[in-house]
């Protein structure tokens with residue numbers, strides 16, 4: 001099978017490791033444009049809590065798929081895949097390199113693997129039965145059920161990714177064929193994945209400092225303004241940094257406790273992000289916090305990859 005003609009670079013990793021800065025640098029060095037791959041930066045009026053890149057930080061580099069949805073509207077991976085695919089085509093047709101930057105792994109993998117989305121949902125009874133079994137027996141047991149029925153699929157799906165484990169089990173029941181034997185769509189793009197990480201203690205310190213900076217920059221006021229028009233149970237308001245402040249604004253919690261929760265949830269999320277990218281995406285890892293000079297090695301890596309046929 002020939003490789004897809006259009007090539008894209010993805011910059012992935014946990015929160016607070018410098019993905020946005022690297023995206024700008026690569027775009028400047030490689031005639032690129034940045035496409036957002038963060039599930040919450042697509043929302044308007046959610047700037048501080050999502051660490052959305054500012055116009056000044058863009059340094060003139062075009063950025064796409066930021067501020068494209070109202071916070072009252074639910075967004076989905078299917079909508080993202082459609083919008084991102086169209087934007088990649090537009091950028092590539094301009095002879096520019098599409099550079100996707102973000103930490104929402106499933107959004108990015110939907111593009112990398114050309115995952116089929118928006119199809120017919122499995123019957124509720126099957127899904128509920130496996131969800132009950134998961135709640136009763138745990139994720140290790142659930143994954144073992146998949147491993148017994150479809151070892152190839154189990155090798156590709158982490159036990160912690162219970163949603164996809166259940167999906168694989170459902171498909172097997174629905175079709176009578178193993179999930180791994182289902183016809184897979186051909187990738188639309190050839191993809192190089194660059195991952196950023198750093199020492200865990202350093203990462204957690206950076207996360208804590210970032211949350212403090214967000215609070216000083218006016219995150220509380222941003223959340224308060226959103227709540228004037230956006231329900232607290234809206235999808236957008238489930239973002240870390242937003243949902244934790246709602247109880248304080250409703251007079252139900254102390255501010256210091258809410259901020260501590262933002263830090264805790266952000267650290268836990270960073271750990272989950274790293275687990276996902278390590279298990280689900282073939283990634284070239286770099287630590288630009290400890291070795292900022294390695295950004296030039298990343299440029300060289302991308303240049304060599306672009307020359308491959």
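Here, residue 1 is simply the first one shown, and the rest follow in order.
Placement of Cβ uses the backbone N, Cα and C atoms for every residue, glycine included.
Cβ-based neighbour count (10 Å, all protein chains) for residue 14 (ATP binding site) stands at 26. According to DSSP, residue 14 (ATP binding site) sits in a coil region rather than a helix or strand. Residues or ranges marked as ATP binding site in Swiss-Prot (evidence: sequence analysis): 13, 14, 15, 16, 17, 18, 19, 20.
Swiss-Prot lists 15, 16, 17, 18, 19, 20 with the feature substrate binding site.
Marked as site 'Interaction with substrate tRNA' by Swiss-Prot: 104 (among others). All chains included, 20 other C-beta atoms sit within 10 angstroms of the C-beta of residue 104 (site 'Interaction with substrate tRNA').
A simple way to gauge crowding: the CB of residue 127 (site 'Interaction with substrate tRNA') has 15 other CB atoms within 10 angstroms, across all the protein chains here. Classification of residue 127 (site 'Interaction with substrate tRNA') by DSSP places it within a helix. Under the heading site 'Interaction with substrate tRNA', Swiss-Prot lists 127 (among others).
Of all the binding-site residues listed (16, 17), 16 has the fewest other CB atoms within 10 A of its CB. When the alpha carbons of residue 16 (ATP binding site) and residue 127 (site 'Interaction with substrate tRNA') are compared, the span between them is 36 angstrom. Recorded residues residue 13 (ATP binding site) and residue 104 (site 'Interaction with substrate tRNA') have their alpha carbons 9 Å apart, per Cα-Cα distance. In sequence order, 103, 196 are the residues of the same chain, not among 13, 14, 15, 16, 17, 18, 19, 20, whose CB sits within 8 A of the CB centroid for the ATP site. A separation of roughly 10 Å, to the nearest angstrom, links the Cα atoms of residue 104 (site 'Interaction with substrate tRNA') and residue 15 (ATP binding site).
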